[in-house]
Amino acid sequence: MNGTEGPDFYVPMVNTTGIVRSPYDYPQYYLVNPAAFSMLAAYMFFLILVGFPVNFLTLYVTMEHKKLRTPLNYILLNLAVANLFMVIGGFTTTMYTSMHGYFVLGRTGCNLEGFFATLGGEIALWSLVVLAVERWVVVCKPISNFRFGENHAVMGVSFTWLMACACSVPPLFGWSRYIPEGMQCSCGIDYYTRAPGYNNESFVIYMFVCHFSIPLTIIFFCYGRLLCAVKDAAAAQQESETTQRAEREVSRMVVIMVIGFLICWLPYASVAWFIFTHQGSEFGPVFMTIPAFFAKSSAIYNPMIYICMNKQFRHCMITTLCCGKNPFEEEEGASTTASKTEASSVSSSHVSPA
């Protein structure tokens, strides 16, 4: 084994010199330069500084403007709530521990940080799945005359919480566990050991199949079908400029959605799977730290991709920030009108760019 395993931790360094200590009790400055911990703390501060206002503003603007309280926006609000869970329950803890150079909050703090980070990430992931399914059902119409209503939105939100808890709760009760990872300042699922009594192997396989591979497959399938439907509609109305514009808008949205998901989560999932399947191989603390901390940036990407690209929401947000007036009223109004025209045109071919 190319690491040191303790009762509730795994440090990626062989303890041949006797310097390895528990990440709950001692600074881990022997792993990397102490300046690296300061950089992590600064990075987490940046995510908090940006992530909290953006996601809180999403909730506040939606509550202030009744026209934004649509069934589909329930899912988008759920996404913002998930991001706030990550910011408040995970990012603040990680920033604090990074400032100290070890997981100063102890085993209980590790469980809480790992739980909130996993819960928030999974709620966000399954919210994206619900959005993908909603777009596929409404746009491609595999079910005739289906209308996405408030009841469907509530069921979708409940589903995201159910699936998120199915992934984040078991490690609290003995099916796998949360341990410090990377530079030992943040906690995650134990991919590193086969500790007796925790059944890490079965949980990691369950998590990768049910909470990564399946959601990714659903997202690709739904948005793939959506893109095909938009292209078919555009081909049938090649002389319609509004339809062509709608095709470009939907294509851009789909590409950004898929790329954003992959950029945030694929590096972390790939490294975690590599560590799980190559237990005993040599790897440094930075090997897991970089993708783990990069995945946390999804709390910023999500609202920008799924909320700020919505013209109506952007108009309401500017109105709120500017004390009830939108200084870009004419430009935003023209843009919103064009968007509505595109939606109406493409709707006649059973496609909507929203």
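Heads up, residue numbers simply count up from 1 along the chain you see.
Just so it is clear, glycine is given a Cβ too, placed from its N, Cα and C backbone atoms.
Quick caveat, the model's predicted, so the values are computed rather than measured.
Swiss-Prot marks one residue of Asn15, Asn200 as N-linked glycosylation site, namely Asn15. The membrane topology recorded in Swiss-Prot places Asn33 on the same side as Phe276. Among the candidates Cys110, Cys140, Cys228, Cys264, the disulfide partner that Swiss-Prot records for Cys187 is Cys110. If you measure from the Cα atom of Cys187 (disulfide bond) to that of Lys296 (N6-(retinylidene)lysine), you get 12 Å. Each of the disulfide-bonded residues Cys110, Cys187 was scored by the number of other CB atoms within 10 Å of its CB, and the largest score is that of Cys187.
The DSSP secondary structure for Lys296 (N6-(retinylidene)lysine) is coil. Note: the Cα of Cys110 (disulfide bond) and the Cα of Lys296 (N6-(retinylidene)lysine) are spaced 16 Å from each other. Note on the transmembrane segment (37-61): residues 28-29, 68, 76-77, 80-81, 83-84, 86-88, 91-92, 94-95, 98-99, 101, 183, 185, 289, 293, 296-297, 299-300, 303-304, 307, 313, 316-317, 320-321 of its chain, located 6 or more positions outside it, place their CB under 8 angstroms from a CB of the stretch. Around Lys296 (N6-(retinylidene)lysine), the same-chain residues at least 6 positions away in sequence with a Cβ under 8 Å from its Cβ are Met44, Leu47, Met86, Gly90, Phe91, Thr94, Ala117.
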